[in-house]
Amino acid sequence: MKIAEIKGREILDSRGNPTVEVDVILESGIMGRASVPSGASTGEHEALELRDGDKTRYGGKGVLKAVENINTLIAPALKGMDSMDQRGIDKAMLDLDGTPTKSKLGANAILGVSLAVAKAAANYLDIPLYRYIGGTNTYVMPVPMMNIINGGSHSDAPIAFQEFMIRPVGAKTFREALRMGAEVFHALKEVLKKRGLSTAVGDEGGFAPALDGTEDALNCILAAIEAAGYEPFKHITIGLDCASSEFYHDGIYDYTKFEGPKGEKRSAAEQVAYLEKLSWDYPIDSIEDGMAENDWEGWRMLTERLGNRCQLVGDDLFVTNVKFLEKGISEGCANSILIKVNQIGSLTETLDAIEMAQRNGYTTVTSHRSGETEDATIADIAVATNSGQIKTGSLSRSDRMAKYNQLLRIEEELGNRAVYGYKKIARNFKA
């Protein structure tokens, strides 16, 4: 079915900042709608999110230029194209843009159209989006990586690491995993209350208390897991997003940026040793961006030390880009890739990155951004690609719940075909 009309508009995301929403209307009248997320901590090689820069509107964060590009440049170019030719449509937009970082049209403009086209095609065929993208072999429900303590650039808490996540690996179904996560989240709230700490939440719905560093945050999570009636390692493991690029400068990992005078300053070797110690002292089985995006030697060291027993996820390192992923594979850096659709800026390129990762034995983690909307597309992408893992925030804020609730619906629809789990990485636990 051919594209008849494309409409872009400016809406607000979960932080109250403008973002792009797109409607793609087919000749049949069927419509697909998508909105675009936005990150707070971003990799320097990410596709360019086009902002207006007009300080008199939204502090310069308006997206009217991107919307105008959709309505005046992209829409005429795609009108009449077959909505089911996803690769052809995405290529047409990339050719129209003509820049390596999508700086002419804006990655937010291109992505909004790309996702809305896929939704329109799925709606026209009257099939779920995950089935349209993934075909008949879609059955794996993702393990949720729930960010229950926020630090770094996602909160005002004096902790360098950006996310402390729980992973309900012992669940039998996604529904059970969601319940386990919610119970730990509420138990953590009580742990923090008893210490007189704030239970206000950060950008992704996790708590942002004034804890005394990384170990204090981890100990609070352990206490919450046990208070909820679960056993660390067996039922629930912990994942970290260090977001190390945020506090890396001139070869030094400078924790004082977020933690003040009490923070450490570590070399790459010391950073690796610190992460290794944490992985032995706590039930940690996934570490994201443990090293900075440009510290490739540090990444090699970390992968050599921990890669055979811990998932090492490249986010800023790979930015969902096959060029950087290919380099990581050839140089032995990381063993997993974080998938963020807005890092690369089109559905086709996102799927290409997932395919390359899976073909080379890397796990994939489908991810949200800290600035989100009610759009739940990433839930469908996680199932469509059998990703096995999803990062979409904590157990509060409706922008995060939209994804979890969509996954509940998908699991219900799949019925007994659904399998909960992910490609496991062997881990030697501390005796």
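These residue numbers are counts, starting from 1, taken along the chain as shown.
Including glycine, each Cβ sits where the backbone N, Cα and C put it.
Per Swiss-Prot, the feature (2R)-2-phosphoglycerate binding site maps to Gln162, Lys340, Arg369, Ser370, Lys391. Cβ neighbours within 10 Å of Gln162 ((2R)-2-phosphoglycerate binding site), excluding its own Cβ and spanning all shown chains: 30.
Taken from Swiss-Prot, the feature active site, proton donor covers Glu204. Reduced to three states, the DSSP call for Glu204 (active site, proton donor) is coil.
A coil conformation is recorded for Asp315 (Mg(2+) binding site) in the three-state DSSP classification, outside any helix or strand. In the shown protein chains, 29 other C-beta atoms lie within 10 A of the C-beta of Asp315 (Mg(2+) binding site). Swiss-Prot lists Asp241, Glu288, Asp315 with the feature Mg(2+) binding site.
Reduced to three states, the DSSP call for Lys340 ((2R)-2-phosphoglycerate binding site) is coil. Swiss-Prot lists Lys340 with the feature active site, proton acceptor.
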Glu288 (Mg(2+) binding site) versus Gln162 ((2R)-2-phosphoglycerate binding site) - Cα distance in angstrom: 10
Binding-site residues (Lys340, Arg369, Lys391), the one with most neighbouring Cβ atoms at 10 Å: Lys391
Cα proximity to Asp315 (Mg(2+) binding site), best match among recorded positions Glu204, Lys340, Arg369, Ser370, Lys391: Lys340
10 Å Cα neighbourhood of Glu204 (active site, proton donor): matching binding-site residues from Asp241, Glu288, Lys340, Arg369, Ser370: Arg369, Ser370
Inter-residue C-alpha distance, Asp241 (Mg(2+) binding site) and Lys340 ((2R)-2-phosphoglycerate binding site) (nearest angstrom): 14
Shortest C-alpha distance to Glu288 (Mg(2+) binding site) - which of the binding-site residues Lys340, Arg369, Ser370, Lys391: Lys391
